[in-house]
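The Mg(2+) 2 binding site annotation in TrEMBL covers Asp263, Glu299, Glu303. Feature annotation from TrEMBL assigns Mg(2+) 1 binding site to Asp263, Glu267. The substrate binding site annotation in TrEMBL covers Ser325. Residues annotated as domain 'KARI N-terminal Rossmann' in TrEMBL: 70-254. The domain 'KARI C-terminal knotted' annotation in TrEMBL covers 255-402.
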Amino acid sequence: MNPTKTAAIRAVRTMRKTPASLAPTGQAARMSSITSLPKASIVAAPSAMKIPRRGVKTLDFGGTKETVWERADYPREKLHQIFANDTFAVIGYGTQGMAQSLNLRDNGLKVVVGLRESGPSWQKAINDGWVPGKTLLSIEEAATKGTILMYLLSDAGQKTMWPEFKKFVTKGKTLYFSHGFAVVYHDQTGVVPPKDVDVILAAPKGSGATVRSLFLEGRGINSSVAVYQDATGKARERAFAAGVAIGSGYLYETTFQKEVYSDLTGERGVLMGAIQGMFQAQYEVLRAKGHSPSEAFNETVEEATQSLYPLIAKNGMDWMYANCSTTAQRGALDWAPEFYTATLPVFKRLYASVENGSETKRTLDKNSRSDYRVELDKELKAIRESEMWRAGVTVRGLRPENLKK
């Protein structure tokens, strides 16, 4: 691996760690599952970069200097000072809305949630401790009461709601996003914020479930931060403070456009779409050559997710190679260029489709249909009921922690 890339990855891994003393009150930090690996099978990890614990930092990410912020730069007392006169109004209670609102509440900030009472999330919010008429309000009531309007509906939902919602985005308020989609593609969504409000973004690099779980562990997810519009002169500081308040461990600065382009490419690429396609392709080849479902699944998915990916997450790709057999090392290193050559044109086409807006159009068209949920359920059912993932249910059931005692 290119040593500069390795240095960048080590910097990110080190920044992700947060002192246990910063965990929410009453929550005990849990150790990573990687610590349970047999010591004899582990090659010594490269030494981590020494990083000062407090203050804004400029670090070397693979040969490029970048400035980063940590949770320690915004302790709770500072958050309470910055947001002393603010009420966060979380509009939407999907995975991000739920996680961010709960983390804000646990950080002792004033939060209300805005939902439709007839919607499916209303009861879930009640179950999470939001009180109807007090902290659980209609969208209109929450948007009126809030000074920081956290617009966390789905991308299609943001487009649909905007004509009704924009009247609440009044002078002096802050409009907050966790994805720049609606603003960057305003020609397709119609979302154009008024000029007299701050428009900021804090985008967690992971699912809402992870935003919440890492916060409860006293850690924190990596997030990007951006300012689209600074009407008050305070948007940038408030964006970073909000990023910490929602549960981020370390933050880096970007733009709304770059956040959208990288996010859409990643989701459709190696984070989700590409990995699903590659899993399926390898599984089908193994099955066609006479391998059993259990063998094909173990060699395709189970070993990757349970053994190798945790090694990469812990100390990098080179460390994963160092802890595998010489046969595995040699074969993987020889075949990696083949996959690089085969997939590079696909990633270039993918990025171009994001850049030119065609990916946005397809997403909005499909996700805005009245039968979207029905069709999505069909797609997910097809995956769930395929042989590969039915085999996976059995394999996962055989993990020691899942066996009935």
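Cβ coordinates are placed from backbone N, Cα and C, and glycine is handled just like the others.
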The number of other Cβ atoms within 10 Å of the Cβ of the residue listed as 'substrate binding site', counted over all protein chains shown, is 8
For a three-state summary based on DSSP, what are the helix, strand and coil counts in the domain 'KARI C-terminal knotted' (255-402)?
125 helix, 0 strand, 23 coil
Quick one: pull the CA-CA distance for Glu303 (Mg(2+) 2 binding site) versus Glu267 (Mg(2+) 1 binding site), whole Å only.
22
Glu299 (Mg(2+) 2 binding site), number of other Cβ atoms within 10 Å:
14
Determine, using Cα-Cα distances only, which of these binding-site residues is closest to Ser325 (substrate binding site): Asp263, Glu267, Glu299.
Glu299
List the Cα distance (Å, whole number) between Glu299 (Mg(2+) 2 binding site) and Glu267 (Mg(2+) 1 binding site).
24
Far apart in sequence but close in space: which same-chain residues, 6 or more away, have a Cβ under 8 Å from Glu267 (Mg(2+) 1 binding site)?
Gly273
Tell me the Cβ contacts of Asp263 (Mg(2+) 2 binding site) under 8 Å, same chain only and six or more apart in sequence, or just say none.
His179, Ala203
